[in-house]
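Participant: Found this in TrEMBL, in case it helps:
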type	residues	note
BINDING	23, 26, 42, 45	Zn(2+) binding site
COMPBIAS	318-333	compositional bias 'Low complexity'
DOMAIN	19-50	domain 'TFIIB-type'
REGION	317-340	region 'Disordered'
REPEAT	131-214	repeat '1'
REPEAT	225-306	repeat '2'
């Protein structure tokens, strides 16, 4: 789908396409852009969401970097990850002129060029915000399009003057978390906060403020979105992951997830699935991997087991526990033998 923006006179409309959208007919995320027909199509129901799109890519093909450099007739495309969208020019770091001779004034010109490119405090603030989005996105393993979308959203917040009275870092972090929610990328608030320089409470408060002002329409996260990543952290096999997703789906059908945190449901489902598949992980291990307390996991897994009628196998005592029990029972037996 697309988001419509009107210009200042309200006469011309501009369509900005987001990288990941959902079908307005069947709510499917399987959206595909057909470059030959110039259409955006839903692969699930076949709805043509948009048509007559212009292909902004190159009309030539290149099979290696050298061919690409030779055939390219323009510079890099516009990007929201640069404060001026990459439209300004740079002075090369090689201190030489066209003839290759040394030019002593190149360094001075480069310094003034960099100063001229940033002419206001708002641009300096934007540069800092974009650098924070890029740093946190890289630390979280987010793709380039996610960081681009976050930079675009930050610009919209600037246009609506939502930055006044709020820290740039807090706003950038909250926007990055919102974009992850929009695109269905499973990143918790704790994970985003761990790479930020602001407190988690401020991130949550800023996120709620932005959701009101920018009118976010976000669906609640599904616990199944977190299962694969948490299973990978716990080194669990594919059968455990599949079983955990099955338990989550059954819990959602029984409405057991209503009013519960999706991460706690995912953690409880993984704990149950690991026990059912014979690849048991302790509640402490699951809690460390998911960031949920052991008490919460214990409460959630008991609710799920009781509601779905799941019979869990008995836990086998570990070797350490067995040795402790043996050593602790030996004095008692010796005392009995002495008393006998």
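Placed from the backbone N, Cα and C atoms, the Cβ positions cover glycine too.
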Participant: Please classify the secondary structure at residue 42 (Zn(2+) binding site) using three-state DSSP.
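Facilitator: It is in a strand.
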Participant: Do any residues at least six apart in sequence from residue 26 (Zn(2+) binding site), in the same chain, have a Cβ closer than 8 Å to its Cβ, and if so which, in order?
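Facilitator: Sequence-distant Cβ neighbours: 42, 44, 45, 47.
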Participant: Tally every other Cβ atom lying within 10 Å of the Cβ atom of residue 23 (Zn(2+) binding site).
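Facilitator: Step by step: centre on the Cβ of residue 23 (Zn(2+) binding site), count other Cβ atoms within 10 Å, giving 20.
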Participant: Across all protein chains in the structure, which of the binding-site residues 42, 45 has the highest Cβ count within 10 Å?
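Facilitator: Max Cβ neighbours within 10 Å, all protein chains included: 42.
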Participant: Taking 8 Å from the centroid of the Cβ atoms of 23, 26, 42, 45 as the cut-off, which other residues in that chain fall inside it around the Zn(2+) site?
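Facilitator: Output for this site, in sequence order: 24, 25, 27, 28, 30, 43, 44, 46, 47.
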Participant: Take every residue in the repeat '1' (131-214), average their pLDDT values, and give the whole-number result.
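Facilitator: Computed over the repeat '1' (131-214), the mean pLDDT is 91 on the 0 to 100 scale.
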